[in-house]
Amino acid sequence: GDETLATQLTDEMLSGRFQPATPTFLNCGKQQRGELVSCFLLRIEDNMESNGRAVNSALQLSKRGGGVAFLRSNLRGAG
């Protein structure tokens, strides 16, 4: 990697001028790491398979420290 950039980022963090997202800070550089981003948006289609996949994905992402939101605009209305 770029040692100069790494030194600059370290200096910024130590001085309190920069703080990466918590998952990035905790997982970066690990061999078996979690995710590097904090939030995920999962799109749910109007069928049971999509609902099941979304729930499973949300569980896995949450386990790794991510926040999850669901986009439900494709679901049909009641009635």
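Here the Cβ of each residue, glycine as well, is placed from N, Cα and C on the backbone.
Those TrEMBL annotations? Automatic predictions, nothing curated.
Straight from TrEMBL, the features:
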- 37-79: domain 'Ribonucleotide reductase large subunit C-terminal' (DOMAIN)
Cβ contacts under 8 Å made by the domain 'Ribonucleotide reductase large subunit C-terminal' (37-79) with residues that lie 6+ beyond its boundaries: 21-24, 26-27
The domain 'Ribonucleotide reductase large subunit C-terminal' (37-79), counted residue by residue under DSSP: helix, strand, coil: 16 helix, 10 strand, 17 coil
